[in-house]
Amino acid sequence: MSLTWSAKDHKNLNQPPATGQKRSRNDAGNKATVVLGAQWGDEGKGKVVDLLATEADLVCRCQGGNNAGHTVVVDGKEYDFHLLPSGIINTKSTSLIGNGVVIHLPGLFEEGDKNEKKGTCLKGWEKRLIVSDRAHLVFDFHQVVDGLQETERQAQEGKTIGTTKKGIGPAYSSKASRTGLRVCDLLADFKDFSTRFKNLVHQYQSMYQSLTVDVDDQLKKLKEYAERLRPMVRDGVYYMYEALHGPPKKILVEGANAALLDIDFGTYPFVTSSNCTVGGACTGLGIPPLNIGDVFGVSKAYTTRVGIGAFPTEQLNAVGELLQTRGHEVGVTTGRKRRCGWLDLVIVRYAHMINGFTAIALTKLDILDVLDEIKVGVAYKLNGKRIPHFPANMDVLQKVEVEYETFPGWKTDTSAARKWNDLPAKAQNYIRFIENHIGVPSMFDTKSQTSMCLVTFTLNQYWRKLLSTLTLKPPNQNHSCVIFVGWHCFTTSEIPISIMIMTSTVLSTLLILPYVSVSYFSQVGRCWKVQRVHDPDVLKANLCLPLMEAQTVWHDVASFHHLKLSSSLVNKQNIYVTFEQCRLYLFCCS
């Protein structure tokens, strides 16, 4: 007998799993919204997370350490975060540092205490922070080793990786070699911890003769940190499980670094030491894949990179200097100037392939306001021929030629834009091109330091208002209203999946909203196949089709490519929400 179980049936984790009941994706529990970088970092993830975190119940870090940073501005005061989830600034939410994060305890407490002095937002931050007992620790000697390794690379190869020297690489190396020490080890038998700590020190000293560590002093400090840390520590796996399968919660995961810095998918070896893609949210927090909801990729309207490594669209000219100056492109953690260049859609599309973004948050659009023309990299060529993929080999990436699309600049200040219609037409065209090339809708943002309503969330309020009008009966009781939403429009979990409305048997009335590249549903067997068309008249004609059965409804909310008809849900009238290439459709049928 096969055993299957549904989380909603288990209030006590020790209960045996239920039998004989298949668990569907829709019964998986709460969904986690994930925010990830779509370039080489510094895209403005902090601003997007800050906006989402205001309504989140739980904000989580899943990977990395204090090697990345972002700034949140509240009431004119800047709060710098490196290890703490930025949700810690919201006094009504809980923050979680997951097992995939490597934690430098002196840096953690210094960061919290320093920000607490700046304003009331961080008051009592320790009571709102939960730390996974499975998270690995970064020690001071890891940071020293990080610097020694960079020196060795310089001496042997004549180049460095550009590490932040925060000890992240060595700490993950200790983790992978199974000699690392975790939070649970620190809080258990301290005598045993001390022995393992000394062994780890000796291991590194055997590799680096110049490494000196005052072991007794380090252990004394670690014992003090342990007592301060103890009240925050939980079993991260069970805590996340309860959050996913308990009462409704808005769960937000903020990724550090970015897709092109991922240890597996990034521009290796010039990468970080963890998985900064969506898989890192699963392994770094214990979230099952079916509990991943929206995945928001964050990209600047141009491209930046810190340190060395291939950068195909880099502009070593006046354009690059302008982007650096206007964009204030200096790293929060390192203070290093960032290299700047045109937007590279090859890498953003590659990031989408890996992560499956439901939307792209396009930041710093207004930095481009003063340019007469704007270029976008759309393809790579090698030896005069287009290459169909993003190269794994960095020597190849160094040699590629970039194929550009050129757009006229809008020469208008967009820093105050808060709605789509606030943007000049040329800026709208620029965004539409990005959406179409990647296949993902976008929300735009400016460099303004004030928290603002991005396009996406402004639209959510509009849709809630729109949904409230759908109780109006259509002209013919045998017809229903079909609503198609396209381009930059999409939904979050705030919009209900199912709403009771009218009975209908034939699709007929269509409302097409502005900025729509439309699709239509055509009947193929027992499915409605999604097809792309740009002529509204053709769309209307193809939507005037009878359903196969009078009492069939679409049942598979998770389907991206077709709508499965089912006769199992009879006499129920619903609005359903689905995505096809990340574009939202709202429609009703019976």
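Including glycine, each Cβ sits where the backbone N, Cα and C put it.
Positions annotated as region 'Disordered' by TrEMBL: 1-29.
Here TrEMBL flags G41, D42, E43, G44, K45, G46, K47, G69, H70, T71, R338, K364, L365, D366 as GTP binding site. Residue density at G41 (GTP binding site): 27 other Cβ atoms are found within 10 A of its Cβ, drawing on all protein chains shown.
Classification of D42 (Mg(2+) binding site) by DSSP places it in coil, neither helical nor stranded. Sequence annotations record features per position, and here TrEMBL assigns Mg(2+) binding site to D42, G69.
Here TrEMBL flags D42, E43, G44, K45, N67, A68, G69, H70, T164, R178, N257, T272, R336 as IMP binding site.
Using a 10 Å radius centred on the Cβ of H70 (GTP binding site) and all shown protein chains, the other Cβ atoms total 23. DSSP classifies H70 (GTP binding site) as strand under the three-state reduction. Residues or ranges marked as active site, proton donor by TrEMBL: H70.
Under the three-state DSSP scheme, K175 (active site) falls in the helix class. For K175 (active site), other Cβ atoms within 10 Å of its Cβ number 19. What TrEMBL records for K175 is active site.
The annotation substrate binding site is assigned in TrEMBL to V332, T333, T334, G335, R336, K337, R338. Under 8 Å, Cβ to Cβ, and six or more positions away along its own chain, R338 (GTP binding site) finds D42, T304, R305, V306, Q324, E329, V330, G331.
Taken from TrEMBL, the feature transmembrane segment applies to 499-522.
Rounded to the nearest whole angstrom, the C-alpha distance between L365 (GTP binding site) and N257 (IMP binding site) is 21.
Cα to Cα, K175 (active site) and N67 (IMP binding site) are separated by 17 Å. Here K337 (substrate binding site) is positioned 13 angstrom away from T164 (IMP binding site), judged by their C-alpha atoms. Across the fold, the C-alpha of G335 (substrate binding site) and the C-alpha of G69 (Mg(2+) binding site) stand 11 Å from each other. Using R336 (IMP binding site) as the reference Cα, a 10 A cut-off selects none from the binding-site residues G41, E43, K47, G69, H70.
Our reading of the GTP binding annotation (G41, D42, E43, G44, K45, G46, K47, G69, H70, T71, R338, K364, L365, D366) yields a largest Cα to Cα distance of 22 angstrom.
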